[in-house]
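Chemist: Here it is, the structure, as structure tokens.
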């Protein structure tokens, strides 16, 4: 009697032992699955924002060899968020050729942000980006000051279905063999540095030189060395030796001391950040700049320069050539507006890292507005082939085929007589965009493809 | 030939730092029987004494200079150190320039105090505990000290330059009849080596030629008997801990112009210094110094590009390889004594 009643009840409520087990298993699997893969159940793309706010994820090095760059990037992001939300003087929003940003957030939603520390370590950077996407609901990840980190985070964003607007990343690979449909780079690359620097080095140091490379042992260092070797060897320089150095080595003395014995008369330091400050300072301490080799004055070249590094290296930077993405002393309207906003807020001029991060945030917001959608595929389509001006680098193209920006490149030199603690680099030449533009089938950029955009659905 | 001389010189400055830290480690181990993993942190605190003094001397007030403009076109704000007001700009600038050498005087009392507080406040409670407990507590202490420094000074390296008088380099090649500019070595690194030798000499002389040192050595040999003679050996050992802390601290102060200090610099040196102590022989002071210099030079040779090309990555592991070989052939280390850590 009891058994019959129970069977009838179960039939009535459609509850069976197997059904319960099946539902339980499905529910368990659903709960166990990271939210990153389940966005499709509620919307067409990952982390679709609500009606009131949208969250951006700023993933910058707050510790480690590139921490100075990271701190400046974060300042720029905070300034960009302020401007997007209608605060401050609007900065480069007033000079930007696209006029869709109105200072009312992005698509009417207030811009909020979360931050992560990449520690200049790919694993840590991926973990912080993942946390910002999964826990904080970030719809776009941006930042970073290392190509190794940029490539790692770009891959993660591709898989997660969010846009990655790269910060400071200079390796060819970011938009070469490791390019991804969800990733976009405003910063220039080592190929462009090589193209811009070579004519200046030829004019100043001649064609009969012997070069010694010290190279940071990761993707950017290898890429930088390859580009510099290609363009210096093309103009007749001989490469005597190239030595890989660990990132964050601190003391480079044992790498620097063999340079003079090698017969080289130029040292090319493919180092950046704290490493570059240490290696350049130690190279000068070891008397390299005072030395005469092969009847010529010994010279040092730093292919990728930044003002923050110049400050750390102090007097040692004087007279040294390098290239840079942007410099605060540029006199175009966009640069002046940015320097004014940033300088008024923080009391000192922005670095090139700050500039590229600020611009990337505006470009993302602008693309969302033009696409009228936060869907990464719509945003990506709006960025592809986008031609713009007024953001400090002259007319610029976001090339659709590789998501790389093409614009003028600055060749700079450590200033001999600085007038202030910020006036450390002088612009020697603005290399036009046409000179640094390379074909999409350039051999150093082969081996990868964008693939298709991933909205996370 | 030039390359060999240069790598020897290169090894001497790093080896000097290893030797100074290892000397302190051995002193503490020999007197108190404690394996002090916080010793690297003492090296780091010494370096931050230099940073602190440099910041104190550079404390400034802002003055508006109407004759100049800043990057925004506003009248320039100029930071004027208070020390200029007290001593005049010329002498004030000299004091700031000489901040690192002056820090030696600043660091000695601070480091002795830090050492004594560490020993009395924490480590003495662990004398009768196993070595594993001592390692854990001192390692924990090192992490705490690191984080305290990080909280106050941030995570980034802080440039702390040598005085202008020492920024040049010495043409060693010209001195020994080689071509000029073949063997060049920075003055400050040479000074570091000389300074380390003076400190090591002073510690040895103190232990060898003073009554205090004689009692300490007697205590190291037989603590119980010295205690039975009515001598307060614990007090002397506490002072020795303070002296060992000061030696590590001074090594850190003088190292700041070679490598900008950051909060984890102590850990970088600690592991290698332990290898130095083990290779030199537990409890042997001359062994620690000898092994420090030897391993510094070996590491420097292993960084030569010709050697790295032959055996990639050898510069990262050479010290450990040498340690393995020495421990296999001489289990007590180069100058180890019988019976130390063998019970």
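Positions of Cβ are set from backbone N, Cα and C atoms, glycine also.
What TrEMBL says about a protein is an automatic prediction, not a curated fact.
Sharing the feature lines straight out of TrEMBL:
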TRANSMEM  B:16-35  transmembrane segment
TRANSMEM  B:42-64  transmembrane segment
TRANSMEM  B:98-123  transmembrane segment
TRANSMEM  B:190-216  transmembrane segment
TRANSMEM  B:237-258  transmembrane segment
TRANSMEM  B:270-298  transmembrane segment
TRANSMEM  B:310-329  transmembrane segment
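Mind mapping these onto the model and telling me what they sit next to?
Modeler: Listed by sequence, the residues of this chain that lie at least six past the ends of the transmembrane segment (B:16-35) yet keep a Cβ under 8 A from its Cβ atoms are 42-43, 119, 123, 126-127, 131, 134-135, 138, 192-193, 195-197, 199-200, 203, 216, 219-220, 237, 240-241, 243-245, 247-248, 250-251, 255, 269-270, 272-274, 276-277, 280, 282-285, 287-289, 291-293, 295-296.
Residues 17, 21, 24, 75-83, 95-96, 99-100, 102-103, 106-107, 110-111, 114-115, 145-146, 149, 153, 158, 160, 244-245, 248-253, 255-256, 261, 263-266, 269-270 of the same chain sit 6 or more residues outside the transmembrane segment (B:42-64) yet have a Cβ under 8 Å from a Cβ within it.
Residues 32, 34, 36, 38, 42, 45-46, 49-50, 52-54, 57-58, 134, 137-138, 141, 160-163, 238-239, 241-246, 248-250, 252-254, 256-257 of the same chain lie 6+ residues outside the transmembrane segment (B:98-123) yet bring a C-beta within less than 8 angstroms of a C-beta in it.
If you look at the transmembrane segment (B:270-298), the same-chain residues 6 or more away from its ends with a CB under 8 A from one of its CBs are 7-8, 10-23, 25-27, 29-30, 37, 39-41, 43, 142, 200, 203-204, 207, 220, 318-320, 322-323, 326-327, 332-337, 340-341.
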Chemist: Please indicate, using numbers and ranges, the residues of the same chain that are 6 or more beyond the transmembrane segment (B:310-329) and have a C-beta under 8 Å from a C-beta there.
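Modeler: Counting only partners 6 or more residues beyond its ends, the transmembrane segment (B:310-329) has Cβ contacts under 8 Å with 272, 275, 278-279, 295, 298-299, 302-303.
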